[in-house]
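Colleague: What follows is a single structure, and I will ask about it in a moment.
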C-alpha cells in the first residue's frame, strides 16, 4: 500500500514522534543537569520533568496508533495497552493543567486573599499536586481495569477491527465515565487561563493609561502567547480524545489519521513552545545543536586522511 496519503501520514508520524521525544528529552536533560549541579530540583523543573516523561510515553503510544491505522502493526498492540494509554493520557492532562495553574499563580496579579495565598505557596504545593494527580490516575485506572475492562475490551475490539460491525446496543456508559474523569482538569485549566488573560489584559491597560512603558511587557506577552497556544493544543487534544471515545470517526479512515495527527501535535507542539519560552531550555538547545555541528565537522575532518590513505 504505497498510496500518497500513506507515505505522507507515515512520514508525519515519524517526524512528529521524533520531534516530541527530542523536545521532551531536552527538558528532562536540562532538569537532570540542574538536579546534579544544585542537588535539588525547583518546583517548575520538577513539574516540567514529570510532564515531559508522560509526553514521551504519550508520543510513543500515538506513534503506535499511526502504525496500527496504517496496517503496519496488529490491532492487539492497542487493545492490550489501552489501559496504559488511558492512564498516561489522564496523568499528562493533569500535569499540563497544574503547569497552567503554576504560570497563572506566578504571573497574574489578582487582588484576592485566596489567590495571594496560592501565589505564595504554589511552589510548595507542586510536589503534592503531582503526587495527588498520580494517585488519582492510578486509582481511576485501577477501578476501570477491575470493573469496566470487560466492557471496554469488547467495544475496543469492535472499533479497531477491520470487519467492524456497527451495533446499536453498544454500551456508552464506560466512555462517559472516562470522559467525566477528564472534565476536572479541563475546568481547572480554563479557570487558570481566564484569570491569566484577565490579569495581563488589565495590567496592559493600566500601563497604557499611565503612559509608561512596562519593562515586563515582553515576558507578559510571551507568557500570554504561550498559554493561548497551549490552550489551543489542549482543546484539540481533548476534542480528539472525545471523538475517539465516542467512536465518531471510522478507524483507519483518512479522518481518523487526521485526528491522530492533531492529537499527537499536543505533546510535541507544546513542549516546543515551552522550550522557546524558557531561556534556560532554549540556551541548552542552542548549545547542544552547536556541539553536534562541531562534532560532525571534526568527525568529517578526522576521517579525511584515513579515507585518502585507503
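Using N, Cα and C of the backbone, Cβ positions are placed for all residues, glycine too.
Curation plays no part in TrEMBL annotations; they are all automatic predictions.
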Colleague: Give the range, chosen from 125-143, 144-162, that TrEMBL lists as transmembrane segment.
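Modeller: In TrEMBL, residues 125-143 carry the label transmembrane segment.
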Colleague: Quick test of your reading of TrEMBL: among 175-200, 279-304, where does it put transmembrane segment?
Modeller: 175-200
Colleague: Look over the recorded stretches 82-105, 125-143, 175-200 and say which has the most C-beta pairs under 8 A to the transmembrane segment (46-70).
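Modeller: So the stretch in question is 82-105.
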